Amino acid sequence: MTSDADTLRSELRAHLPDPLPRRLGVAVSGGSDSTALLRLLADIGQQEQIELFAATVDHGLRSESASEALTVSALAQRLGIPHETLNWQGWDGAGNLQDQARRARYRLLVAWAEAKGIEAIALGHTADDQAETVLMRLARSAGVSGLSAMAPARKEHGITLLRPMLALSRAQLRTYLTAQGISWIDDPSNQDQRFDRIKARRALSGLDQIGITAETLSRVADNLAQAREALAQYTQDSAARLMRVMDGDLRIDRHGFDALPKEIRRRLVVASVSWIAGAEYPPRRKAVDQVLEAISSGQATTLGGCILIPEGKNTWICRELNAVRHETTQPAELWDRRWRVTGPEALGAEIHALGEDGILQLEDWRLAGKPRAALLSTPAVWVRGSMVAAPLAGFANDWKAEMRSERADFAAVILSH
Ligand SMILES: Nc1ncnc2c1ncn2[C@@H]1O[C@H](COP(=O)(O)OP(=O)(O)OP(=O)(O)O)[C@@H](O)[C@H]1O
């Protein structure tokens, strides 16, 4: 395992896009991995004449975090790279701290990149991170997707997140930094047994006796990533064959659906519910399996803010009225985070669900060609208690409801699950 500068640089370069983005960001926590990334990228950036920018997120959770950000800033300055510290003050004491801090970190980094016209951000994940993730996911009985390798590149709000060091090990990078005379910060939470990642790191060091190393687990993750791709393709082909997107609802041919392998049915249901409800977390596997049974036996059911309704040879997956019952917005504002309802100037107009009251005011809801429950959760225009338009329920009255473009592509959601 080599750690000389030239080899590491060319390994890193091989996992970056060609040509490099003109403005490239680097997320540096100050730990060994991202510090090595910064140092190596400084050379590459100079050779290829691109502009580099570095950022550190200060989560404000430990007393040393501000001075750690300053240490990174000093190194960046020595390397001639502009550096910014992004502060997070958002923790409300509720929920999973690690998870919230991580989400906030990505949000802050993406906003920073957007503001600076940075096209891509490089992150310092290594083969060890990959292996630790696989071990942690094993403990949660993950399936193919959960055990698959992290993507070397993915888009978040138009910014590409790059992980060019997934083939390098932490030990290699540390040897390199030591040779360069560059120190790094050992996050004290790394010693803290509370965090699953740290436990996985410790456990991994005992597994090499039976041949399980960061390298082998990384390879397993790569193998599974290829399997995931194949499954995603199968799922997408099945959706194209058996499902119809109808104004934000989905209709499945039940007979064809039932003939699919369970894994593909599961994926279709998860993607459908994620697409319709826009949830951050997928529904639990057990709940999904119960829904598969309900679909097969032609029963109505609910899952993750959606309702599944059998109708003839089909099953519909639609937004559930209960999930949007209390949502009220102004025209042209986003409703249910996906619909924008616009129309003629109407004083006092508000958007809320059509609901039972609204559907009674339609001449004949059957003309919309959808089950009644599907129509109840569609956005309608109300003026002082009267429903004046329900553009997705066949009563447009010069109003229209358009889906927010980022949410419109059901096929893209399938590929991301
Ligand atoms: N405080 C931080 N400031 C800037 N970048 C950070 C910070 N913490 C982590 N990073 C970036 O993320 C990379 C991975 O670190 P870590 O594994 O701790 O993050 P993570 O976000 O939990 O990863 P994952 O995406 O696997 O959940 C680091 O190498 C670095 O590039």
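We count from 1, first residue shown onward.
Heads up, the Cβ atoms here are built off N, Cα and C, so glycines get one too.
Predicted, not measured: the structure shown is a model, and the values here were computed from it.
Record features (TrEMBL):
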{"type": "BINDING", "residues": "S29, G30, G31, S32, D33, S34", "note": "ATP binding site"}
{"type": "DOMAIN", "residues": "25-202", "note": "domain 'tRNA(Ile)-lysidine/2-thiocytidine synthase N-terminal'"}
In sequence order, those binding-site residues of S29, G30, S32, D33, S34 whose CB lies under 6 Å from ligand 1: S29, D33, S34
Reported mean pLDDT - the domain 'tRNA(Ile)-lysidine/2-thiocytidine synthase N-terminal' (25-202): 91
Candidates G30, G31: member of the binding-site residues with the richest Cβ shell (10 Å): G30
In three-state DSSP terms, the structure that G31 (ATP binding site) belongs to: coil
Binding-site residues (S29, S34), the one with most neighbouring Cβ atoms at 10 Å: S34
